[in-house]
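A quick write-up on the structure given underneath.
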């Protein structure tokens, strides 16, 4: 044991004193699954670490940077462009793969079911068709859900909240692994083919991010292959910039919207931004759209006609038919209000559902059963709606892929079937472009109601699936309904073309659910290929966001909060000026001396009660008892590499060290540094000394303890820090501010609230 003078006590963060019963529950968890997991959204989880976005400028780093001359920096810059081009190409190819496979498999499924329905309509016994459809759906979804639940749970959902957290600087385990990409792509194909109310657009963003993280490292840790290229980029700073490029490339492959992709990365993602980055990201997005476009054009047989820029193509909106007049602006704003209210309702329902899932449906087998149930119910609802619908339309001149006749006269088809009996992307395009009179208002009303609840139930299942397309589909349906009722009210005036209202409704619904403004406006403009709608779409989205935010926050932010991630928003809470760094920081701090005993270092690192990742280094005066001045900061990962290579002072004196440690040794260990338990230190080595001076960062960012919370927050957020040392007037360490200390404070309904921290 050490005396307190040589070793500052490690204090747990001041407010982890959860009730003992939760403690006990946690210790029992591995042995048997409890029926209910207590979950409180007012918690912050301690299992998430931060990324080291800030470079550690130790002597090794500075020496390497000084060795690199001007031409070498130019090659690094060229490498960055090459990586961005590769990200674009690969993301485009993955999008092509998803699109082609989904088209073929879904086409096969719908042809089989259609043949079956046509056969049984004549001789009776349609229940067999229903059984066939539901079984096909449930079995496909079962496979898609099993691979997600049992192999890689991070691949569930759209992946946008996870990427948002990663770009914010939170390390979410497994989020940018190769395995996640494979499961994500297979899972999204299976869930779309399985007929769930999902889209394949959201997961493209996650896939792009994984591709970017993989390429920029020049090796695969999963496959144990190192290609010895791009070694300069093996650190969080560079990786995070490339991941934002990958996310943008994913958006632009999904919607054919390169500018929208860049703005998405800027608005939803990156906490750190500069001009060069914008240009490189735009380059990656453009390349990705172009790749997708050329491959799909070749696949569809018209090689020189680049006509499919994105996975979803809303089709062209012509200005002649589809202009808008000044008196329609209030109508659009009203649609925005409706979209905001419906979006808030969607989010609130999904919130309760997710809370229920976290508490009760936390075992993988239950999650798979739930996914199969949803798939079967979706098929059944669709079948019953088509069966009960008497809305028949002439088949002449219509562009329906799989027209179901059912009980309609010959030469007619059931128009409810165009909505349900199709992939969601095709249904959206049909709602936008079918001529007026293709749908009965009753059909649209019933469809909106049913699909709203189905989509809400589906988001958050253990399958990989996006929420973009279902939201657009719900919005397009009620928007078209709105347009039809307007023409009834105005006795069929020409300006109420339902397609235009379908577009506005789709924008309003999506804006009400995900609350994106700038990027969504541009994405909608690029996807429709029409700039005239920029203004009304912007108005609709702004209204939807304002109205929705009044009730509940956006879907992605809500899911981030439900997972208790320490997410830092753009600004500190507005009422937090009264707090100072002294109240926010965690104390006491575990400090290391500049020349420290190896035993002490090993004990500090192996202490399970504190998993600190950064340790201030202080001057080592053996005689005095008071805390000495701050000299630098060293990270846990650096200490582990030092112990692994046994860089001890004694060995240096005995000339046992073959070479000095290089920066390359730290980069080769990145990103999966070995745990301290795997490093063996003998009893004699524990008595050696270790000199931290050339490995520590000698100029860490510090703040005085009187600094106000907004000031600390701004510094922390803008520089993407992981540790901020709080010092007193004598430059002695008094505390440490990390991400959790800042994310704890949040604006609630009654003002500033402080969240408690939990180990879950």
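Placement of Cβ uses the backbone N, Cα and C atoms for every residue, glycine included.
Caution: TrEMBL annotation is automatic and unverified by curators.
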Of 308-330, 331-353, 400-422, 561-583, the range TrEMBL labels transmembrane segment: 331-353
The annotated transmembrane segment range in TrEMBL, which must be one of 204-227, 276-299, 588-611, 612-635: 276-299
PLDDT averaged over the residues of the domain 'CBS' (696-754): 87
Range from 81-102, 331-353, 368-388, 501-525 with the greatest count of C-beta pairs under 8 A to the transmembrane segment (130-151): 368-388
Dominant neighbour of the transmembrane segment (501-525) in 81-102, 242-264, 276-299, by Cβ pairs under 8 Å: 242-264
Listed stretch, out of 181-198, 331-353, 467-489, that has the most CB pairs under 8 angstroms to the transmembrane segment (531-552): 331-353
Contact yes or no, the transmembrane segment (276-299) and the transmembrane segment (181-198), 3+ Cβ pairs under 8 Å, gap 6+: no
Contact between the transmembrane segment (181-198) and the transmembrane segment (331-353) (3 or more Cβ pairs under 8 Å, separation 6+): no
